[in-house]
Amino acid sequence: MSKNIDDKNEDGKKIKIIKLRKKVVKIVTHNDLSGKNNPSGSTDLHKHNNKVEYSHSRDGRTGGYSQNRDGRTGGYSQNRDGRTGGYSQNRDSLTSQYQGSTKKTYVAKNNTQNKYTTSVSFRRVIKTKVPSIVSSASSTDSENSKELNRKLGEKKKQQQESQKSYKRKKAETESKTIEQKVFEQLQKKKRENLANPIPKSIDIMGSITVSDLARKMNLKSSDLIAKLMALGVMVTINEKIDSDTATILVEEYGSKVNVVSIYDETVIEEEVEDQSKRIEKPPVITIMGHVDHGKTRLLSVLQNIDINQTESGGITQHIGAYTIVYNSREITFLDTPGHEAFTMMRSRGAQVTDIVVLVVSAIDGVMPQTIEAINHAKEANVPIIVAINKIDLPDSNPDKIKHQLSEYDLVPEDWGGDTIFVLISALKNIGISELLDMILLQADMMLLKANPSKRAIGKVLDAKIDLGRGIVCSVIIEDGTLYVGDSFVGGACYGKVKALINDKGVSVKSVGPAKAISVLGFSSMPQAGDPFQVTKTEKEAKLISSKRQDLKKYESSKNVKKVTMLNLYDSIKEGTLKELKIILKADVQGSVEALKNSLEKLTNDEVRVRVVHSSAGVITETDISFASASDAIVIGFHVRPTVKAQILADQEKVEIRKYNVIYDAISDVKSVLEGMLEPDVEQQFIGFAEVRAVINVPKVGVIAGCYVSRGLIKRDAITNVMRDGLQIHSGKISSLKRFKDDVKEVAEQYECGIMIDNYANIKEGDIIEAFEVKKVKKTFKT
């Protein structure tokens, strides 16, 4: 390290010496020229034939300098104390010689011409300005200069090589071919594929979207689309391809397709049970029948409470489940609505029940919902017990009811059939005990059993949102026992039981078979009628729920109705189909379902109802915003809007209609639909006139001089021109005159002038029939 520093210092000194030498030469030249104006000095300068002589003398010492401009040679000599020295320079050969003595003499080859002297000593100038140069100059100066030049040359050479290397690398980068770049991209893609390899086999259902298939194959959707285009199939990223196309596409990448059924993945494996643990269970009884035939009254008698006080209009709005004890035995009753809108509820009631009690009024007899209940029970293969109600009324006719029901294969036992008939009066508490005895007898004959030690299985009867507790679902347990903390799947929803509340409103830790219970803990709102089943773990519940959601999406995608150009042209462009959009909110999911089905049935060729959104719960700000954006009205069934929702509805001018009885909701929507119907246009005959003269008025047209034979003729009336009993023209009266006056109408037996719009081919003897157009309001018919 110190050696390098010394070398650098030595180089610096040498550079300074060279610079000072150059400076000395300049000073000498300057003094030579300045001697011309200073004749008192001891310096002599002679010029002759392009030759210069310079001499200097001090203390007996002489010096001489000569320069030959033509020969470019010079000599220098110095004598001091008898010693001599000489210096010569040849500019062409760039060589120099130096000899030192105490006496300095500068001698030119030819000393001639004038001499000039100066008082300034050149020797003194050298000693004053650069005293170290002359004394330190030696024979090694040229070697040091060469060494310095060598190092400078090496440094310059390194810089040149560095520049050449940079240019060479740049040229190599720019000269890469497209093939090389493609190769690098392929190598990069290969590395990515190694990180996310394509599976050897892929499971799909009947069809799959390109994006989903790409996700399963760990590829980009654009790659699959490009491959399909190469195969001659044009698709978009969200378009579905069938299993055959998917198989061909996947095989292009060296994989295989397994067409599977998602239905298998949504089924929870049944628990292996010990049949010896199955014991007798209480019967589940569903009370069914037509509206207002006394079903709810019967159940209230069984419970010794008056449920009708809490039901709007005396109509059961959703399923009520209750358990009673009779003769030390439990019986669970389900009360289903009798209104036609609640078909799905009655169907579910029949599916989860053991016995159906069909209530028929002894006055009204068999009604539409009575027949429907019979069909539901037969479809579910459930035995029926007929309870003929209201026998206390004077107009009751039980035999008539038996005869009507026998037409539906419900033949009484006393008529030789196998159907149990019981005559009751729920109002007067007549025949109730006999009915309960028949129910228990039928249950004993059916040998109803269940295993309380297995995981619970049941059905979701209804669901609602409670402001204080969240989602609350009514569940009927068909088999097993449900405990607080159990993980479960309800339809496509999963959850964990947080609380169990029985029909008395009491929180319990568990519930056994054939019992209805309110379950808290659903992750989302299930649909009424969904299967309910407890799983081993919460992880399994989430997995089954996810698979069932995929299944719902798959099935809904298959059932999407396609819009054809014909439908689009007929219903939208011509405006022949009008639409009433509704956002439906109700207190429970069952009511939402029933009302939605009833409203969407109100459709004909001109108008239809479309429920754009429906859910259980209060009317919120989100519902109002949705209604405003979609131009819909909001219907609340047993629910009301929040304060903020009502304020927003007033601001957005959104109509909110609230109902407590389903009759009123359906009736009002029908009225709205009738107002949307285009009225019928009818032509009413008002009279006719005979053409007795034809007058052609220039710049006006042809005027028919007529005599009103019958009725009257009105201006703007629609006319039919009749000739020889045939209609030859139909048009509108554009002008009606009496003499020169315009009139609105002309009565019978008066003459008038009639001009028909855009018609001039009128002749004498023609008959002009006049009609008045009337619009008649339509009544809604489905």
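Using N, Cα and C of the backbone, Cβ positions are placed for all residues, glycine too.
For 1-14 (among others), the entry in Swiss-Prot reads compositional bias 'Basic and acidic residues'.
The feature region 'Disordered' is assigned by Swiss-Prot to 1-106 (among others).
Sequence annotations record features per position, and here Swiss-Prot assigns compositional bias 'Basic residues' to 15-25.
Under the heading compositional bias 'Polar residues', Swiss-Prot lists 31-43 (among others).
Marked as compositional bias 'Basic and acidic residues' by Swiss-Prot: 44-61 (among others).
Marked as compositional bias 'Polar residues' by Swiss-Prot: 86-106 (among others).
According to Swiss-Prot, the feature region 'Disordered' maps to 132-174 (among others).
Under the heading compositional bias 'Polar residues', Swiss-Prot lists 133-142 (among others).
Residues or ranges marked as compositional bias 'Basic and acidic residues' by Swiss-Prot: 143-159 (among others).
According to Swiss-Prot, the feature domain 'tr-type G' maps to 280-453.
With helix defined as DSSP H, G or I and strand as E or B, the region 'G1' (289-296) counts 2 helix, 1 strand, 5 coil. The annotation region 'G1' is assigned in Swiss-Prot to 289-296.
Every protein chain shown contributes to the tally, and the Cβ of LYS295 (GTP binding site) ends up with 27 other Cβ atoms within 10 Å. The feature GTP binding site is assigned by Swiss-Prot to 289-296, 335-339, 389-392.
On the 0 to 100 pLDDT scale, the region 'G2' (314-318) averages 40 in this prediction. Residues or ranges marked as region 'G2' by Swiss-Prot: 314-318.
Annotation source Swiss-Prot lists region 'G3' at 335-338, citing similarity to another entry.
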Surrounding CB atoms that lie within 10 Å of the CB of GLY289 (GTP binding site), all protein chains:
27
Count the residues of the compositional bias 'Basic and acidic residues' (143-159) that DSSP assigns to helix (H, G, I), to strand (E, B) and to coil, and report the three numbers in that order.
17 helix, 0 strand, 0 coil
State the count of C-beta atoms found within 10 angstroms of the C-beta of ILE391 (GTP binding site), not counting that atom itself.
18
